[in-house]
Amino acid sequence: MAIQTSNLGYPRIGLQREWKKTLEAFWSNKIDEEQFLTTMKEIRLKHVKAQQEKGIELIPIGDFTYYDHVLDTAYMLGFIPSRFSEFTSYLDVYFAMARGSKDHVASEMTKWFNTNYHYIVPEYEEGLQISLKDNRPLRLYEEAKQELGVDGKPVILGPYTFLKLAKGYTQEQFATILKQLVAPYVQLLSELHAAGAQIIQVDEPIFASLTKEEVQQAKEIYEAIRKEVPNANLLLQTYFDSVEENYEEIITFPVSSIGLDFIHGKEGNLHAISKYGFPADKTLAVGCIDGRNIWRADLDEVLTLFTTLQKQVQTKNFIVQPSCSLLHTPIDKTEETHLSTELFDALAFANQKLEELVLIHSALTQGTESIRNELETYRNVHHTIRSSAARNREDVKAARTALKEEDFSRPLPFEKRYELQQVALKLPLLPTTTIGSFPQTTEVRQTRKEWRNGVISNEQYEQFIEKETEKWIRYQEEIGLDVLVHGEFERTDMVEYFGERLAGFSFTKNGWVQSYGSRCVKPPVIYGDVAFINGMTIKETVYAQSLTEKVVKGMLTGPVTILNWSFVRNDIPRKEVSYQIALALRHEIELLESSGIRVIQVDEPALREGMPLKEKDWDAYITWAVQSFLLATSSVANETQIHTHMCYSNFEDIVDAIRALDADVISIETSRSHGEFIDTLKHTTYEKGIGLGVYDIHSPRVPSKDEMYKIVEQSLKVCDPKYFWINPDCGLKTRRTEEVIPALEHMVQAAKDARSLLKTNA
């Protein structure tokens, strides 16, 4: 029996976020292109070497990127929109596509399947010349070979997933464009094979959710590629779910190895294998370590999985690997010594997961006796965390048991509530607001750092936050916004902030993961039962309201987003954790309301991303996700207006869920997706308050009043003006003050123009 260890992808950002810092230094012209490329190469090779030193045999090459691996593939295949044609250098084109420029709108960005990573959406245009513009995987393969002597495993995004993630073509064009991808993929694979690549990983995560017709279509493409590259050793890699529905066909694809996810698709993949077996002439790559969470593996469970597989499959060749790329986990837990022993011992970040793969490999090749001590350690760790007092709170259990049906609904229906709210709030037609955060300047970040390091006192820090809050309340009044926000200057991250103030959470010092581009997040760790402790947002919100006669809205992050943007305990269902968070937020919302706050926004930007990949599993998730939001928000008076916000999602799938949230107003990202949600509303009605974002806050460019007015105009064709709000796409935390103020002034002017037009037409 031949067994190898492999990794699907390694975190890009560096142990001290060197990758992020290098990118941002280059963007701000602090380093030149030569220094940028040199530093990036050093980081890239350091990551390859780290995996080699951990004992990984099949080391991924080409998973490293300057921004996003889907963007890399788009550039490589010539999917470069014509609006970027005036840029000549590779990096100028590449970063303009990713980030936009003063005069160019960036390509759309959206969630990578149901993760919190974002990819740049490839754009197809008529007349596009599809060809292999740059064999980047080959360059990086040869680099690792020459510099480190590592014969790596090139990783590429497969043609079917790539085109399915792209936009700009009609369904009728799909098959034609797909066939046009054969030639560049043949060239790419031929050159890699000729250079000596022993195995090439071709990622096709979309295979988890294809129809039978689509799988047949994909198979034909792989047959066409195989015909031209008969000797390349291809590993067809799936992840994020099982391929159960199409497994029988997928195992006949002309590839030498198939990778399956036995963490997030364990039940389905095992069921398919028990029914259809696995070909003797292929290698089974077993995703047996969770690539999306941070907990130590249950080694006994993994070894039992292999025992089951060895009984049911014909092959004698296995690859031991994570369930997906380790992009979604922090790099190393060694710096987290501040954590309690029971929690620290239970964690496994990327480097620890690689060590687990090597342990499993040892057990499979040399017998479990070879890792007897490690197995005993793992069993003790799991027992300790399971029996922890933090995971067994009686008060949390009692609150959950006491829930009644009426805890999940508002007293009056929306139309009646909204009438009462209009009387109470006295807002104009087409009210303007922002999504919540304002620029976190260098001064804001530096002052917070000084406070955390004990350089300044609590009192000095609070005075600084109050000064920033007052400054931005005045800015908002001068701009002419209708509903104001306090600016969130006290918050580093919209999830971390709440986690720090709730029981059941813990925080890493260096547990960073990439969200999009150079933006990294440090997800909280939900390790115990979640419970309310004290007010979390009351002081800052009430202070902001005391400064103005205008309405100030409270700002909270919703239960499902806190759940989906955290590393979550894996010993109870996610639904139960979500309900615990919702009950804690319910306390906070009641406190805000009793403190005189009449508009409360509960953001759920991550509602869509938590959906399972398979449509058959959607209803169960949506039901408890919606119930969690309702549990958090339903105890307020009818006169209190509940807002929510969502961004970066395929909203067409969840229009019914959005409606079921029963929020009085929802604001949605629409400008970057170039009006797709507006198109959705042409085919369905939405009869509650809604704000469709009028400008993309992820780009530094300041859009004109006319651009925003155009989106308002389009929106009012599908939305009732009585319920329509005007706002940016998302929070403004990452933008500069000199970008934010003119953009908001243009937005308010666009709103005034739209009001005038409505009055004229009336």
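The backbone N, Cα and C atoms fix where each Cβ goes, and this holds for glycine too.
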From GLU488, GLU490, GLU549, the one annotated by Swiss-Prot with ILE435, GLY436, SER437, ASP603 for L-homocysteine = GLU488
Residue in CYS520, CYS730 which Swiss-Prot records at the Zn(2+) site where HIS645, CYS647, GLU669 also bind = CYS730
Task = Among GLU470, GLU477, GLU609, find me the residue Swiss-Prot lists at the same 5-methyltetrahydropteroyltri-L-glutamate site as ARG17, GLU18, TRP19, LYS20, LYS111, ARG519, CYS520, TRP565.
result = GLU609
Message = Which one is it, among the recorded positions ILE435, ASP603, HIS645, HIS698, that lies nearest to ARG17 (5-methyltetrahydropteroyltri-L-glutamate binding site) by Cα separation?
response = HIS698
Ask   = Rounded to an integer, what is the Cα-Cα distance in Å between GLU488 (L-homocysteine binding site) and GLU669 (Zn(2+) binding site)?
value = 20
Key: Minimum Cα separation from ILE435 (L-homocysteine binding site), reported as the residue among recorded positions CYS520, GLU669, HIS698 that achieves it   = GLU669
Key: Nonlocal residues around CYS647 (Zn(2+) binding site), in sequence order (Cβ under 8 Å, 6 or more apart)   = PRO605, ILE668, GLU669, GLY693, ASP729, CYS730
Query = Can you tell me how far the Cα of SER437 (L-homocysteine binding site) sits from the Cα of TRP19 (5-methyltetrahydropteroyltri-L-glutamate binding site), in Å?
reply = 26
Request  = Whole-number Å only: compute the distance from the Cα of GLY436 (L-homocysteine binding site) to the Cα of HIS698 (active site, proton donor).
outcome  = 15
Remark   = Going by C-beta under 8 A and a gap of 6 or more residues, the same-chain neighbours of ASP603 (L-homocysteine binding site) are ILE435, GLY436, MET494, MET555, LEU556, THR557, GLY558, THR561, THR644, HIS645, MET646
Note = With the fewest other Cβ atoms within 10 Å, the residue among the recorded positions ARG17, LYS111, HIS645, HIS698 is ARG17
